[in-house]
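Colleague: Mind looking over this structure? Questions follow.
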Amino acid sequence: MREILHIQGGQCGNQIGAKFWEVVCDEHGIDPTGRYTGTSDLQLERVNVYYNEASCGRFVPRAVLMDLEPGTMDSVRTGPYGQIFRPDNFVFGQSGAGNNWAKGHYTEGAELIDSVLDVVRKEAENCDCLQGFQVCHSLGGGTGSGMGTLLISKIREEYPDRMMLTFSVFPSPKVSDTVVEPYNATLSVHQLVENADECMVLDNEALYDICFRTLKLTTPSFGDLNHLISATMSGVTCCLRFPGQLNSDLRKLAVNLIPFPRLHFFMVGFAPLTSRGSQQYRALTVPELTQQMWDAKNMMCAADPRHGRYLTASAMFRGKMSTKEVDEQMINVQNKNSSYFVEWIPNNVKSSVCDIPPRGLSMASTFIGNSTSIQEMFRRVSEQFTAMFRRKAFLHWYTGEGMDEMEFTEAESNMNDLVSEYQQYQDATADEDGEYEDELDGQEEEDM
């Protein structure tokens, strides 16, 4: 029931995805060969959200892995859980996208997309009642951004009523891997605004800060960063996979978090933050979890929620705890920080509780917030984009693949519109809306 089909694309997406499957396999007690070695029936009860049970009793992830070069795929295949994936579900090219969005979206990626869609269709047909898709990718490179958004738009055409959730790694402000990141990211956001239902925004710099400041790791590796991301990813869907007192699924999440369809870019956080291999030495309390979860330093993207206001937020608690205490703490947060929540959406924080905590913790929580301060990320990318686009720098790489400058202009203005929409709702008050409605009524009367 309620299956989720997982798709990972590009180097970043495949590395995050591989980590995510390690976490989910561990939670469900599935070993690297796909055999169940767990101890609790709860692990198997809804294992089919993410796994297909093969005839020989092995569990195979509902995962599609794609890339335009074989390198990362090979390292996934030789990694700890590499043997668990279905071999046919590795789809890769040989040429690479060379950090070029146009190659991923129009030329190299477009040649490979049909074979990816075939695998997606095959996996979707194996589902009893497909709930939606989750896509892991980065927006700075060529494959994850260009081909990732191409795949999302194709899936959107074919499965219009299924949820589309993305975990998108944005280019970070100070850490840049490639000079054309602002181009790739802007072109991708242009697509995500239209075709995705929910985007969890991540970025490496915020993750570095968490590793460095909170976890005291002196030289964080991508493995440490991906460990944080995978904890959050597992938290988002734990309600689907384990029984809970208050359940949530991808659609409930969307209904509660998205007041306006274009504003579906969320900040995510996780508490308690732990580094790989370290164990918590004392159990946290619900108030401590709540406090850590709302902390700005905990957000996995480089935008400060204190610079904006929350339109909506959702908290998913895991572990044995009293729902009453959870509700009290959530109301407490809203009362104490009421200026950070828009007053024209009352009760805008949803909470859900799942009984099974993550491995090695007694309780944990995942935070998803729809905050207007996320515009800081878009604004930053947009400024970098404009600086280069004004001089038409590096543009020949894109036009050479058949793109038109017009597409860049459109993507730029779509991004700027998004920023101003966030700003508009950040400044809106409950009273202004009343005036606005009067204007509308006036217009309707004229129209009649």
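Each Cβ is built from the backbone N, Cα and C atoms, and glycine gets one as well.
Copying in the features that Swiss-Prot gives for the protein in this structure:
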BINDING   Gln11, Glu69, Ser138, Gly142, Thr143, Gly144, Asn204, Asn226  GTP binding site
BINDING   Glu69  Mg(2+) binding site
REGION    421-448  region 'Disordered'
COMPBIAS  429-448  compositional bias 'Acidic residues'
Colleague: Same chain only, sequence gap of 6 or more: which residues have a CB within under 8 Å of the CB of Glu69 (GTP binding site)?
Modeller: Phe92, Gly93, Gln94, Ser95, Gly96, Ala97, Thr143
Colleague: With Cβ-Cβ distance below 8 Å and at least 6 positions apart along the chain, what are the contacts of Gly144 (GTP binding site)? List them in sequence order.
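Modeller: Those within reach of Gly144 (GTP binding site), by Cβ under 8 Å and sequence separation of 6 or more, are Gly9, Gly10, Gln11, Cys12, Gly13, Gly104, Cys136, His137, Ser138, Val169.
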Colleague: Using DSSP with the three-state reduction, classify Asn226 (GTP binding site) as helix, strand or coil.
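Modeller: DSSP assigns Asn226 (GTP binding site) to helix.
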Colleague: Given a separation of at least six residues and a C-beta threshold under 8 Å, show me what packs close to Gly142 (GTP binding site) in the same chain.
Modeller: Gly10, Leu68, Gly96, Ala97, Gly98, Asn99, Asn100, Trp101, Lys103, Gly104, Asn184
Colleague: Cβ atoms within 10 Å, counted per site: which of Gln11, Ser138, Asn204 has the most, among these binding-site residues?
Modeller: Ser138
Colleague: Can you tell which of Thr143, Asn226 has the most other C-beta atoms within 10 Å, given these are the binding-site residues?
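Modeller: Ranked by Cβ atoms within 10 Å, first place goes to Thr143.
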Colleague: Where does Ser138 (GTP binding site) sit by DSSP, helix, strand or coil?
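Modeller: Looking at the DSSP assignment, Ser138 (GTP binding site) belongs to a strand.
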Colleague: When DSSP is mapped onto helix/strand/coil, what comes out for Gln11 (GTP binding site)?
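Modeller: Reduced to three states, the DSSP call for Gln11 (GTP binding site) is helix.
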Colleague: Let me know the largest Cα to Cα distance in Å among the GTP-binding residues Gln11, Glu69, Ser138, Gly142, Thr143, Gly144, Asn204, Asn226, as an integer.
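Modeller: It comes out at 23 Å between the most distant Cα atoms.
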